[in-house]
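**Student:** The signal peptide feature in Swiss-Prot is assigned to 1-18; the stated evidence is similarity to another entry. The domain 'Sushi' annotation in Swiss-Prot covers 31-88. Here Swiss-Prot flags Cys52-Cys86, Cys250-Cys281, Cys292-Cys322 as disulfide bond. The domain 'Peptidase S1' annotation in Swiss-Prot covers 103-345. According to Swiss-Prot, the N-linked glycosylation site annotation covers Asn125, Asn151, Asn183, Asn232, on the basis of experimental evidence. According to Swiss-Prot, the feature region 'Interaction with CD163' maps to 259-264.
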Amino acid sequence: MRALGAVVALLLCGQLFAAETGNEATDATDDSCPKPPEIPKGYVEHMVRYHCQTYYKLRTAGDGVYTLDSNKQWTNKVTGEKLPECEAVCGKPKNPVDQVQRIMGGSLDAKGSFPWQAKMISHHNLTSGATLINEQWLLTTAKNLRLGHKNDTKAKDIAPTLRLYVGKKQEVEIEKVIFHPDNSTVDIGLIKLKQKVPVNERVMPICLPSKDYVNVGLVGYVSGWGRNANLNFTEHLKYVMLPVADQEKCVQYYEGSTVPEKKTPKSPVGVQPILNEHTFCAGLSKYQEDTCYGDAGSAFAVHDKDDDTWYAAGILSFDKSCRTAEYGVYVRVTSILDWIQTTIADN
């Protein structure tokens, strides 16, 4: 518990209790904290304030200040005897992307700028991406989860075949995978870990958006472990800046027409992406950089300057453009937000 951001109580003076074992008040008065002098017509009130460790924040309502009542119970004005809880901070990388230097050849070196980025390895040793959205859950694509499996393979049989890494090659165990109920048209799935991961400089979830950031021309950042220009899987996490594209132009590019009877059966790269109301497209960067095989499951991360927070606007679904096609395709996170929240709450 301590490693995962356990609550820390600071004694102002007087008495303190063991925060991790309950709400029993224990006399801790000694010479290091002498009893304060009394004043006429006044009284002394014992108070503690709870804080969370670095990379965690108080989730419970109230200000974290507790006073000792006449029954020797610590209580908060808002929450009563209920102890506060700490949750992981999201979308606040210690080394944000604008502090990272571009390296030769247009490749981008991400030194902890994308702590939500995870690497997933299939049982056929194929690399794909996943995105940490809280201490125990990740988003990825349904296609990633099914890599090397038949379409009718059950989720419970898929989970044990996957290897997942966060931070600096820290392997984490998967408890279960859950597919979106309409995963043939919504290419998304959730991964639940057996244990919560400790959040730190290298491991931090990205925030889920409460509003839609997908506007044509908006630039997002996509990191990944996918194939490089030589079509080899990279050993170093890279990222690229990509603009949101016009959806109608993207549909016309891959399908030939927005009129169903005029659609062509084949896209310019030989594989047809899923394009519907749950998706959006992003084009090439101004340096003609792009995502490629193995990057799917990574977030289209946008930085909201108003609250200095990073949000996952999309999850890369179609990663086969590799600079040979004009657009990558992403699942729009706001369109699946209710499903994400309900699924996590139910599991």
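Cβ coordinates come from backbone N, Cα and C, glycine included.
I'd like these features described in context: how deep, what's nearby, how far apart.
**Tutor:** For the recorded site, Cys52 (disulfide bond), the DSSP three-state label reads coil.
A 10 Å cutoff on Cβ-Cβ distances gives Asn125 (N-linked glycosylation site) a total of 10 other Cβ atoms nearby, all chains included.
The DSSP secondary structure for Asn151 (N-linked glycosylation site) is coil. Under a cutoff of 8 A between CB atoms, and with a sequence separation of 6+ in the same chain, Asn151 (N-linked glycosylation site) has no neighbours.
Within 10 Å of the C-beta atom of Asn183 (N-linked glycosylation site) sit 18 other C-beta atoms, taking all shown protein chains into account. In three-state terms derived from DSSP, Asn183 (N-linked glycosylation site) belongs to neither a helical nor a strand segment and is classed as coil.
Reduced to three states, the DSSP call for Cys281 (disulfide bond) is strand. In sequence order, Val244, Ala245, Asp246, Gln247, Cys250, Leu275, Tyr327, Gly328, Val329, Tyr330 constitute the residues six or more apart from Cys281 (disulfide bond) in its chain with CB-CB distances below 8 Å.
The number of other Cβ atoms within 10 Å of the Cβ belonging to Cys292 (disulfide bond), over all protein chains shown, comes to 24. DSSP gives Cys292 (disulfide bond) a coil state; it is part of no helix or strand.
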**Student:** Where Cys292 (disulfide bond) and Cys86 (disulfide bond) are concerned, what is their Cα separation in Å, rounded?
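**Tutor:** Rounded to a whole number, the Cα-Cα distance is 37 Å.
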**Student:** Across all the protein chains here, work out how many other Cβ atoms are within 10 Å of the Cβ of Cys250 (disulfide bond).
**Tutor:** 23
**Student:** Pop the Cα-Cα gap between Asn183 (N-linked glycosylation site) and Cys52 (disulfide bond) into the table, whole Å please.
**Tutor:** 38
